Amino acid sequence: MIEVGINGYGTIGKRVADAVRAQPDMEVVGVAKTRPNFEAQTAVDKDFELYAAIEDRKPQFAEAGIDLAGDVEELVEESDIVVDACPSGIGADNAEMYRKYDTPALLQGGEDADAVDASFNARSNYDTVEGDDLVRVVSCNTTGLSRLVAPLQEAYGIEKVRTTLVRRGGDPAQSGRGPINDILPNPVSLPSHHGPDVNTIFPDLNIDTLGLKVPATLMHTHSVNVTLESEPDAAEVRSLLEDERRTFVIPEWLGLDGAGAIKELAQDAGRPRADIWENCIWGESISMEGDDLYLFQAIHQESDVVPENVDAIRAVLGEASQEESMARTDEAMGLDTPLAQMQ
Ligand code: NAD
């Protein structure tokens, strides 16, 4: 059994904890929290051992009636690997602690690429991170783009990717985030950071990205144009993407006209937290104009990186091949059942 510690039990951390627990070859040692709040209570209700991330705040947990199993350094020492899901920047600050206990760690997409040994996407570069100490599971948007780029590059070759990312202003629980009623070019200057981030996975890829932020919380939407090195027809590209793991090519008849409807389907399907782990690509948007491919995809920012974290654990520890790991992860999470056919 791979013993996994989770440091940071927020949007990403709590989802990764559940996904790790579902794996037949992994166990959650415990989760570290900075303070007793509703998420700490969720961890207690789910029987995760709770560790204090900040020593001085231990009394706050006692006051809230929440028992602690120890502090975060003990969690790190007891774990074979730690998934750090702390807010952006804190993961890099924690790196010294992971080094001190010689425990490899996965950081998240909010960290700088140069803070880690390597960046990771299971479909694209699984085999490159074995034995690394610090690996970054790339952001939700970079994960979504990498899953698209990898099969297109292998099947057709890519001359250039141009993507406009229409990004949600914040997650549903991020009450402090704006914009409230606005549409922001973000960043105004080009390119957005997303293209260079995709280059941490595909160093030679020619990619430009533009970003916008809109007052939505449900999902991101990407408007994608890929100039290919060959000219497949749209049906062929569609079939290629349908055959991929972690892509859901939306059939027209489902009538999913936006992120709201996709989230509703995930709820109806009984997905935990209405999560959508796969890229949602509108089938009818897949179009070819000469060698230019166009499509729209929606990305659930809170959950597409979750299976990637599970695979990164096995990849870093050398515990399974890419195909074995992705298949095991998907089966254990319920991701291998297409979203539209789930009950
Ligand atoms: P979050 O704020 O929802 O959760 C972070 C948790 O870490 C919170 O519970 C916070 O209290 C806790 N925390 C703060 N300081 C800590 C410390 N020193 N030790 C332990 N825990 C601490 O953040 P999130 O959305 O889960 O983001 C985590 C990381 O994942 C970031 O790098 C982010 O960029 C990345 N990410 C987020 C999303 C998303 O849409 N939410 C998507 C992909 C990647």
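Yeah, the Cβs are placed from backbone N, Cα and C, and that goes for glycine too.
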For the NAD(+) site that TrEMBL describes with T11, I12, G110, R168, which of these is also annotated: Q301, Q322?
Q301
Considering Cα atoms only, can you say which of I12, G110, R168, Q301 is the nearest neighbour of N141 (D-glyceraldehyde 3-phosphate binding site) among these binding-site residues?
Q301
Rounded to the nearest angstrom, how far is the Cα of I12 (NAD(+) binding site) from the Cα of S139 (D-glyceraldehyde 3-phosphate binding site)?
11
Less than 6 Å between Cβ and the nearest atom of ligand 1 is the rule; apply it to the binding-site residues T11, C140, N141, R168, Q301.
T11, C140, Q301
Could you put numbers on the helix, strand and coil content of the domain 'Glyceraldehyde 3-phosphate dehydrogenase NAD(P) binding' (2-140), residue by residue per DSSP?
57 helix, 33 strand, 49 coil
With a 10 Å radius around each C-beta, find which of these binding-site residues (I12, C140) has the fewest other C-beta atoms nearby.
C140
Which of the listed binding-site residues (G110, G195) has the least company, meaning the fewest other Cβ atoms within 10 Å of its Cβ?
G110
